[in-house]
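Annotated in TrEMBL:
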- S10, Y11, S12, G13, G14, L15, D16, T17, S18, A37, G118: ATP binding site (BINDING)
- Y88, S93, N124, R128, S179, S188, E264, Y276: L-citrulline binding site (BINDING)
- T120, N124, D125: L-aspartate binding site (BINDING)
- 6-167: domain 'Arginosuccinate synthase-like N-terminal' (DOMAIN)
- 178-396: domain 'Arginosuccinate synthase C-terminal' (DOMAIN)
Amino acid sequence: MTKIEKIVLSYSGGLDTSIILKWLQETYGCEVVTFTADLGQGEELEPARTKAEMSGVKDIRIVDLREEFVRDFVFPMLRANALYEGQYLLGSSIARPLIAKHLVGIAREVGADAVTHGATGKGNDQVRFELAVNALDPSLKVIAPWRQWNIRSRMQLLEYAEKHHIPVPSDKRGEAPFSIDANLLHTSTEGKILENPAEVAPDHVYQRTVDPLDAPDTPEIITIGFERGDPVSVNGKAMTPAALLTELNGLGGRHGIGRLDLVENRFIGMKSRGIYETPGRTILLAAHRGIESITLDHAAAHLKDEIMPRYAELIYNGFWFAPEREMLQALIDQSQAFVSGDVTLRLYKGSASVISRTSPCSLYSADLVTFEESAIAYDHHDAEGFIRLNGLRLRNWAARNGR
Ligand code: ARG
């Protein structure tokens, strides 16, 4: 077994990482530094400190990463309108490189020779953490307890906890909880009954959105301001990135916006079913597309849409810090130079619909498109030649086919 002097653990204070902490101390007999990130998961973080202290941890780091998360990770992704497999808003995927970045930073600061995480051996998150660490500091070892120990199921995990007097949390109904990953961007719920895609998800799975059927009968109208592709205000009030997303999460949650029941293809090879709640970013996606619709050039917009699935897949697969993701990001960011203005949306029973948009940099020309008489020089005869030439090969092709 590799010798390890000091290791930094990404520690939530929950059951899995508490067990990992114990296991690291027993298995490697090394010093463990814990790192707990506040990503807006909406949980008290002080209990993590108390638990780490009780386990004999000397160096405990609790860091508020909410602004960095939204500004440097969520917003760049929003500029691309990124969606994995057409639907998943990447709420867990985008948080991993940020956590890895700080794990690496702390490891360097305290002179640790390894980092570790609580992701299981079957999911995407292990890949994301480890690829990010590889890209940021190739000299660091990565320990993945879930792939090393002989605990193979949740049942065995609970037995280990009992044996070592680690408290086991239960949900409000006294049952073992779902596997949940939450942050400012989303809540993702997997496992238990959801593992059968034929089963309808029970209502108590949802944590931050109401059922659209129970949402208010009166629609709510909001305006989001954009500057160079990033949202900067809600209803005229300027906000920091994290404050803005928090505000939209509240609005979206009340109106039942951003629920998704999805079967997706994991990078590692299997299909999995999850329930996602992403209220704020669902509103932002509609709004961002709204402001782009009047400010982006036709071909620039289409090029962006072509590379989007590739870009989203890179994030999903854990290649945030890879050169090709950075190259695509440069292209996306450049496209946003004139993506500024205001978008008004109606929030109503699960939907966020754009109802108007304005921009000082708009390319939209009412004069050009109007059905009425227009002052702009547009010769209708040009359209005749345009169609004739585009139709040339089609007439040729159809004649050959004998139609
Ligand atoms: N399937 C999602 C992804 O790969 C979420 C994974 C974490 N969620 C969880 N409930 N454990 O991005």
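Including glycine, each Cβ sits where the backbone N, Cα and C put it.
Shown here: features listed in TrEMBL, placed on the structure.
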residue : record                    : Cβ within 10 Å
S10     : ATP binding site          : 22
G14     : ATP binding site          : 16
D16     : ATP binding site          : 20
Y88     : L-citrulline binding site : 21
S93     : L-citrulline binding site : 27
T120    : L-aspartate binding site  : 15
D125    : L-aspartate binding site  : 20
S188    : L-citrulline binding site : 23
E264    : L-citrulline binding site : 18
Y276    : L-citrulline binding site : 25
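Take the Cα of D125 (L-aspartate binding site) and measure to each of the binding-site residues G14, G118, S179, E264: the nearest one is G118. Residues near N124 (L-citrulline binding site) in space but far in sequence (CB under 8 A, at least 6 apart, same chain), listed by position: S92, S93, R266, F267, I268, Y316, N317, G318. Ligand 1 lies under 6 Å from the Cβ of the following binding-site residues, listed in sequence order from S18, S93, N124, R128, S179, S188: S93, N124, S179, S188.
Along the domain 'Arginosuccinate synthase-like N-terminal' (6-167), the predicted structure has mean pLDDT 95. Each of the binding-site residues S12, S18, S179 was ranked by the number of other C-beta atoms within 10 Å, and first place falls to S18. In the three-state DSSP reading, G118 (ATP binding site) counts as coil. Using Cα positions, the member of the binding-site residues Y88, R128, Y276 nearest to G118 (ATP binding site) is identified as R128. R128 (L-citrulline binding site) falls within a helical segment according to DSSP. For R128 (L-citrulline binding site), the nearest of the binding-site residues G14, S18, T120 in terms of C-alpha separation is T120. Spatial neighbours are here defined as Cα atoms within 10 angstroms of one another, and by that definition S10 (ATP binding site) has no neighbours among the binding-site residues Y88, T120, S179, S188, E264, Y276. The most densely surrounded of the binding-site residues G118, R128, judged by C-beta neighbours within 10 angstroms, is R128.
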